[in-house]
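Structure record follows, encoded as structure tokens.
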Amino acid sequence: MGLTRDFFIMLSENQTLNAAAKKYGLTLGANKVVAGVDIPSTIEAIKELNRKGITATVDNLGEFVFSKEEATKAKEEIIAMIKAIDNAGVKAHMSIKLTQIGLDVDKEFCYENVREILMAAYQHGNMHINMDTEDYNHTVQTFEILDRLKGEFKNVGTVIQAYLFRATDEIEKYKDVRLRLVKGAYKESPEVAYQTKEDIDENYIKLIEQRLLSAKAMTSIATHDHNIINHVKKFINQHNLNKDLIEFQMLYGFRTELQEEIAKQGYQFCVYVPFGQDWYGYFVRRLAERPQNLQLVTKSIFTPQVNKNIAIGAGAVAAISAIALLAKRK
Ligand SMILES: Cc1cc2nc3c(=O)[nH]c(=O)nc-3n(C[C@H](O)[C@H](O)[C@H](O)COP(=O)(O)OP(=O)(O)OC[C@H]3O[C@@H](n4cnc5c(N)ncnc54)[C@H](O)[C@@H]3O)c2cc1C
């Protein structure tokens, strides 16, 4: 975890840059990392994935929500997408971030919003809703909300971040709940989280094995790390595990050939499909994980159909990463 990662994480939390990105109307990843800017274009992207035997978990992009109006609007957009998925008959469910639907406004208000989303999802094909986990403070609250909801709803699940010390207990506690297992995308303190890549990878493998041997519900292994994926495949075979309860997940636009290869090998595969205008925080967190992801943008600058705004946005991100790389050299 070098300075580059920390620096990009800091940038991803910068509200001014986020607002600027939105103001320019940038959809720089429209053809790469963001599946669509609206519901119809996103449904088309999901159909394309489905044709390849891949399902989708759809995320309505949006961060820094501090008013009830914005949170209510986000909730309505999520419910509109749930209905669209059901109407289109595509194989997809939704991922939501609780900060987008009011966690920073009022926890009770947020809880009611999640309930409403779960009810709508239940009415539309008993669709699964995954509550993404965010930074530590919000993650703790996400689990508190899960604890209140999991008795009432079976279509709710969440994400375990392997860098957190508390993850081992969570795997044990949520055997019956559908879970996504990830390494973790935020900057956390040494009091609560492993800090080195080696420690995080080691704990990630340990947690995956613990979960796969004990789970009574679906497990999603969400990583682009081929070493981990190969390890998991071997583990599944060694222990003759039921593949119906296991899937791999990756982000839209990342390692697409590998995604298709894994799906062709007979494993369930689900792609995380972000859509909307508010791409900034999502994309800069991807740079924090892997600065080479900048290639996704710089390549798109040179495609003829890319518009001027996209180029400006890509330039901004390029400038940001240049600063980060200089900072790293220091
Ligand atoms: C579907 C999905 C959902 C997620 N949801 C959450 C969430 O709710 N909360 C949260 O905190 N985090 C979430 N994350 C992010 C996650 O925590 C990690 O930060 C992110 O996935 C990066 O770690 P990694 O496991 O993919 O591999 P990394 O540790 O980033 O990479 C390991 C190795 O894999 C290879 N590799 C990785 N990416 C590429 C690439 N694009 N091309 C070629 N090789 C590559 C490289 O060899 C690299 O060294 C999610 C990730 C995914 C995929």
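Start at 1 and count along the chain as shown; that gives each residue its number.
Yeah, the Cβs are placed from backbone N, Cα and C, and that goes for glycine too.
Those TrEMBL annotations? Automatic predictions, nothing curated.
Annotated features, as they stand in TrEMBL:
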DOMAIN    43-294  domain 'Proline dehydrogenase'
BINDING   Lys97, Arg285, Arg286  substrate binding site
BINDING   Gln161, Lys183, Gly184, Ala185, Lys197, Thr223, His224  FAD binding site
TRANSMEM  310-327  transmembrane segment
Residues satisfying Cβ distance under 8 Å from Ala185 (FAD binding site), sequence separation of at least 6:
Gln161, Arg285, Ala288, Glu289
Between Arg286 (substrate binding site) and His224 (FAD binding site), how far is it from one CA atom to the other, in Å?
12
DSSP state at Arg285 (substrate binding site), helix/strand/coil:
helix
Largest CA-to-CA spread of substrate binders Lys97, Arg285, Arg286, angstrom:
16
Mean predicted confidence [pLDDT] for the domain 'Proline dehydrogenase' (43-294):
96
CB-centroid shell, 8 A cutoff, FAD site Gln161, Lys183, Gly184, Ala185, Lys197, Thr223, His224, site residues removed:
Ala162, Tyr163, Val182, Ile200, Tyr204, Asp225, Glu289
Enumerate in sequence order the binding-site residues Ala185, His224, Arg286 whose Cβ-atom distance to ligand 1 is under 6 angstroms.
Ala185, His224
Which residue, of the binding-site residues Lys97, Lys183, Lys197, His224, Arg285, has its CB surrounded by the fewest other CB atoms within 10 A?
Lys197
Given the binding-site residues Gln161, Thr223, and counting only Cβ atoms in the protein chains shown, which has the most within 10 Å of its Cβ?
Gln161
Within its own chain, what residues at least 6 apart in sequence put their Cβ under 8 Å from the Cβ of Gly184 (FAD binding site), listed in sequence order?
Gln161, Ala162, Tyr163, Leu164, Ala193, Ile200
